[in-house]
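What TrEMBL says about this one:
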- 330-339: compositional bias 'Basic and acidic residues' (COMPBIAS)
- 309-339: region 'Disordered' (REGION)
- 31-52: transmembrane segment (TRANSMEM)
- 72-92: transmembrane segment (TRANSMEM)
- 120-139: transmembrane segment (TRANSMEM)
- 213-236: transmembrane segment (TRANSMEM)
Amino acid sequence: MPIVAGKLRRADIHPRGRALKLWERQRRKNVHWLMECFAEALGVFFYVFAGVGSQAGFVLGGLTDQAGVSSILQVGFAYSIGIVLALVVCAPTSGGHFNPAMTITAAVFRGFPWKKVPRYIISQILGGYIACLIIYVQYRAQIQEVSAALLAKGALDAVNFTPAGPAGIFGMYVAPGSNLGSVFLNEFVCDFVIGITIWTCLDPTNFLAPPAAIPWIIALAYGVCIWGYAPVGLAANTARDMGGRLLVLTIWGTKAAGGRYAAIAALTNIPSTLFAAAVYELFLADSNRIVPDAHREFVECHMAHHAEEDDDDDELVRRRRSASSSSGVDVKEVTELNP
């Protein structure tokens with residue numbers, strides 16, 4: 001059982017109005033699954049909105065010979081910061097998968113309910129699609145202008161569905177003539193590096209990865225792979241790939257499907273992430289390691305939340321105040337200090 005005594009809840013510090021309390025109670029009891037799906041979609045939205053937005057500047061700047069508009073370095077940082085935002089804002093609600101590969105791996109190794117897997121994956125892909133759609137609307141005038149210029153030169157068909165073309169802003173493509181075997185290897189290895197980094201961060205005995213540092217560690221793993229290996233061909237996330245693929249199919253039709261590479265981009269990260277988790281569990285995890293205080297507090301607070309998430313808010317406040325009086329924590333004083 002989680003240790004609850006002495007722990008403050010949000011309601012102790014910032015009591016909510018009657019209408020919000022009623023909505024929150026109904027949300028927990030009846031539609032919490034929908035809130036989880038919303039958080040997953042929003043998290044992928046953050047990740048894709050940041051990364052693809054920077055990618056749009058990089059591609060369009062290259063097509064118009066505008067130096068310094070963006071770069072692989074900037075694109076990598078944009079995706080990384082998007083991941084940090086996604087984890088900080090949305091992970092407390094849904095667990096922060098933001099990738100079908102992570103959802104499936106959590107179901108295989110951590111007991112994540114299989115009934116949740118389809119709706120998590122649909123939500124993640126939807127979040128990626130909405131982000132790409134909004135970015136397309138924001139850049140629509142520039143994309144159309146560049147496409148018209150390429151069409152006038154007779155180069156649109158040759159360039160459009162490549163990493164350097166307008167459709168390549170959103171859809172995943174590889175350079176013409178690329179060896180798909182090499183592309184698959186590149187994708188698998190990069191996804192393995194990202195996957196084992198994430199699985200390492202999820203180990204509560206890893207004292208070098210405290211909870212507050214985890215978003216940044218995962219973000220840097222993505223950044224390293226983008227900076228070094230994106231030119232070969234890298235998707236790294238089925239939700240990012242499928243969201244972008246659906247967008248290019250919406251705008252340009254079936255000719256934007258991506259050919260045989262589409263399967264590599266969409267699916268490789270799933271077996272790679274499963275393999276990464278298996279390697280960590282078999283060779284690196286150790287049940288005898290001690291859980292550091294930072295992780296212990298994080299886990300206890302998470303467990304305490306779920307242990308009482310269906311309780312009445314007023315009852316929660318009463319019980320917290322009772323616990324605080326026995327532990328020496330003055331809830332009223334804390335509330336006054338945090339209006």
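Placement of Cβ uses the backbone N, Cα and C atoms for every residue, glycine included.
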Answer with yes or no whether the transmembrane segment (120-139) touches the transmembrane segment (72-92) by the criterion of at least three Cβ pairs under 8 A, sequence separation 6 or more.
no
In the same chain, residues at least 6 away from the ends of the transmembrane segment (213-236) whose Cβ sits under 8 Å of its Cβ atoms read 72-73, 75-77, 79-81, 83-84, 87-88, 91, 163, 172, 174-175, 178, 182-183, 186-187, 189-191, 193-194, 197-198, 201, 261, 264-266, 268-269
